[in-house]
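Asker: One structure, pasted below without further comment.
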Amino acid sequence: MGDLSCWTKVPGFTLTGELQYLKQVDDILRYGVRKRDRTGIGTLSLFGMQARYNLRNEFPLLTTKRVFWRAVVEELLWFIRGSTDSKELAAKDIHIWDIYGSSKFLNRNGFHKRHTGDLGPIYGFQWRHFGAEYKDCQSNYLQQGIDQLQTVIDTIKTNPESRRMIISSWNPKDIPLMVLPPCHTLCQFYVANGELSCQVYQRSGDMGLGVPFNIAGYALLTYIVAHVTGLKTGDLIHTMGDAHIYLNHIDALKVQLARSPKPFPCLKIIRNVTDINDFKWDDFQLDGYNPHPPLKMEMAL
């Protein structure tokens, strides 16, 4: 993990930057509790972990392995659109949700009448239409339910001191209709000194595959919301409940731990976008991303 003395310390946090993630992985490997899980693979698990990532002059896209940046962007824009159709991502050559929208997975989980690609009322639906009755991924839900994302944006603009700027993906009524319950369940925004910060609570964190993606995804959401509200970016605080390593990811993560992190890249939004619904892939410029090679880890199903 390199020389820790070269990293700036933050009050309450021993390490900063990517070393926080690497330390979490190392702690789970050393002290994690062996647990069974729904996939049958098994995990090493610790409960309650937190890291703080500085978003002011850098973007927390891990460098000790290559993270699929375009997928991070396209998935977030898909959430923002309120979409729950995995075929929309597949059409952009993003296949991270394909297996969950497959007829085999849907049938195995009791969704026999679902069209292929229909994931149920997952993240995007909850962000934009919380409380609306979910029919299918093709229905028009315009002005149905609560648009939590737009409500947060409006509140940041009109009442930035508010402590109620929250987006929740955890809707107990809708969970039986989802292909998977949300792993990252809630985020809260905070404005101070002209900066926007975000804290995300993740009930379940797959350290090998999901967590690097989730860190980048919520960092990007913070950049986007800051852009449309005229603020600078502050911090991303990433809090996890069950932080775990699948047993079949251990070898790859040991390779990752042996690598020294490189400087995080910088992110620029290169077009003046005022409506959060108008962002597209070409609006984001990532500079200085020079990661170590990718590491293959199988998705646990």
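Count begins at 1; order follows the chain as displayed.
The backbone N, Cα and C atoms fix where each Cβ goes, and this holds for glycine too.
So Swiss-Prot lists these for the protein:
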ACT_SITE  Cys183  active site, nucleophile
BINDING   Arg38, Arg163, Arg164, Arg203, Ser204, Gly205, Asp206, Asn214, His244, Ile245, Tyr246  dUMP binding site
BINDING   Asp206, Ala300  (6R)-5,10-methylene-5,6,7,8-tetrahydrofolate binding site
Asker: Please give the greatest C-alpha separation between any two of the dUMP-binding residues Arg38, Arg163, Arg164, Arg203, Ser204, Gly205, Asp206, Asn214, His244, Ile245, Tyr246, in angstrom, as a whole number.
Answerer: 36
Asker: Of the binding-site residues Arg164, Ser204, His244, which one has its Cα closest to the Cα of Cys183 (active site, nucleophile)?
Answerer: Ser204
Asker: Return the residues near Arg38 (dUMP binding site) by Cβ distance under 8 Å, restricted to its own chain and a separation of at least 6 in sequence.
Answerer: none
Asker: Out of Arg164, His244, give me whichever of these binding-site residues has the highest number of other Cβ atoms within 10 Å.
Answerer: His244
Asker: I'd like the Cβ neighbour count for Tyr246 (dUMP binding site), meaning other Cβ atoms within 10 Å of its Cβ, all protein chains included.
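Answerer: 21, counting other Cβ atoms within 10 Å of Tyr246 (dUMP binding site).
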Asker: Work out how many Å separate Tyr246 (dUMP binding site) and Ala300 ((6R)-5,10-methylene-5,6,7,8-tetrahydrofolate binding site) at their Cα atoms, rounded off.
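Answerer: About 8 Å separate the Cα atoms of these two residues.
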Asker: Could you say whether, by DSSP, Arg164 (dUMP binding site) belongs to a helix, a strand or a coil region?
Answerer: coil
Asker: Determine, to the nearest whole angstrom, how far the Cα atom of Asp206 (dUMP binding site) is from the Cα atom of Ala300 ((6R)-5,10-methylene-5,6,7,8-tetrahydrofolate binding site).
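Answerer: That separation, Cα to Cα, works out to 9 Å.
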Asker: Could you list the residues of the same chain, at least six apart in sequence, whose Cβ is under 8 A from the Cβ of Ser204 (dUMP binding site)?
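Answerer: In sequence order, the residues whose Cβ lies under 8 Å from that of Ser204 (dUMP binding site) (at least 6 apart) are Cys183, Met240, Gly241, Asp242, His244.
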Asker: What Cα-Cα separation, expressed in whole Å, is found between Ala300 ((6R)-5,10-methylene-5,6,7,8-tetrahydrofolate binding site) and Arg164 (dUMP binding site)?
Answerer: 35
